[in-house]
Amino acid sequence: MKIAILPGDGIGTEIVAEAVKVLQVLDLKFETETALVGGAAYEAHGHPLPESTLKLAKESDAILFGAVGDWKYDKLDRPLRPEQAILGLRKNLGLFANFRPAICYPQLVDASSLKRELVSGLDILIIRELTGDIYFGQPRGRRVSPDGHFPGAEEAFDTMRYSRPEIERIAHVAFQAARKRGKRVTSVDKANVLETFQLWKDVVTEIGTQYPDVALDHMYVDNAAMQLVKAPKKFDVVVTGNMFGDILSDAAAMLTGSIGMLPSASLNDKNQGLYEPSHGSAPDIAGKGVANPLATILSAAMMLRFSLNQPEAAARIEKAVDAVLTQGLRTPDIYSEGTTKVGTAQMGDAVVKALG
Ligand code: NAI
Ligand code: MG
């Protein structure tokens, strides 16, 4: 088994270092290889996803990814921007199913932006389709000027698009995940306005008939945004498209206290996966040693469970994270009065120690 380690930019290098520490003490027999990606790869090779990095990713069983991006690259042509690396990896490896669990740890219930009773015990799973929708629609988004819809004015467009097979496979993933949890799927769409999401709704409904043991309901995305902050515990599994999932999963992240706590997995149909925290490269705190490494450490646990067939090791990591929170250790993003403020490396060391 081989793991590709792609730390990336900003806090990516700091948080991935802590996850690697944790993997090392588990003494599992994996080969690892590290490569540059994002802005770091652009600096060294002139491209955010060099051929060598893509090759390593393709031949690995799993990828542990940090984050990419920095405001200093905003002026680059879009294909050269760091964020294209993560889009390229998703597309090239066919990583269509993005799992984003949002779990509120009882120790952090007061770090949530919502009232304690609304989030206490929260455990929802957002499943975001990752390789279709408006982020990848053909024709590709571009500027058209000056002869578009509004003569003489500069314009831009992007294309929202889904095909039946793309919707079918993500629907199957959602229903199968729900079977192992609360047996409820909420499919989020905008079928009242968008034809793409009327197809989405029709296909999810059809696939749902194959899972009579799972309850299915449909919700428009605007209402889903409202319900997520009004009564988040009503949800079990939420399945939605690429763009709605991007936005709703960040909102769900905040319910749990900090985006620094939220892992993610992106899988293809061969169970090969890319594992990364749900957050970005956080340039505002990069290099300061204060980033929360727990989302990345929990992503490594998901990697052991989903792609490397090591569920016991995954559970050990999750237990160790729970233990350090119970000890009262907090990076600044989850700090509250009466707890102990620690930095990135101290938090990683504490998890290592809790692993025993
Ligand atoms: P961000 O997720 O990097 O940061 C949002 C806020 O959360 C910031 O205040 C940051 O300090 C905080 N934060 C994020 N992770 C944290 C952690 N582990 N511990 C403590 N605080 C944390 O999103 P933002 O600022 O919109 O984007 C920054 C860069 O990251 C951009 O270049 C963006 O394109 C990129 N990005 C990359 C992603 C990826 O690599 N998959 C995903 C999202 C954004
Ligand atoms: Mg996002």
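Every residue gets a Cβ built from N, Cα and C, even glycine.
TrEMBL entries are annotated by machine, without manual review.
Together with Arg90, Arg100, Asp222, TrEMBL lists one candidate of Arg78, Arg116, Arg128 for binding substrate, that being Arg128. Rounded to a whole value, the Cα-Cα separation of Arg128 (substrate binding site) and Asp246 (Mg(2+) binding site) is 7 Å. Within the same chain, residues at least six positions away from Ala286 (NAD(+) binding site) with a Cβ under 8 Å of its Cβ are Asp9, Gly10, Ile11, Glu14, Asp70.
Under the DSSP three-state reduction, Asp250 (Mg(2+) binding site) is assigned to helix. Neighbour density at the Cβ, taken as the number of other Cβ atoms within 10 Å, is lowest among the recorded positions Arg90, Arg100, Arg128, Lys190, Lys288 for Lys288. For the recorded site, Asp222 (substrate binding site), the DSSP three-state label reads helix. The record assigns Gly280, Ser281, Ala282, Pro283, Asp284, Ile285, Ala286, Gly287, Lys288, Gly289, Val290, Ala291, Asn292 to the NAD(+) binding site, and the maximum Cα to Cα distance across that set is 16 Å. Annotation note: Arg128 (substrate binding site) sits in a strand segment as assigned by DSSP.
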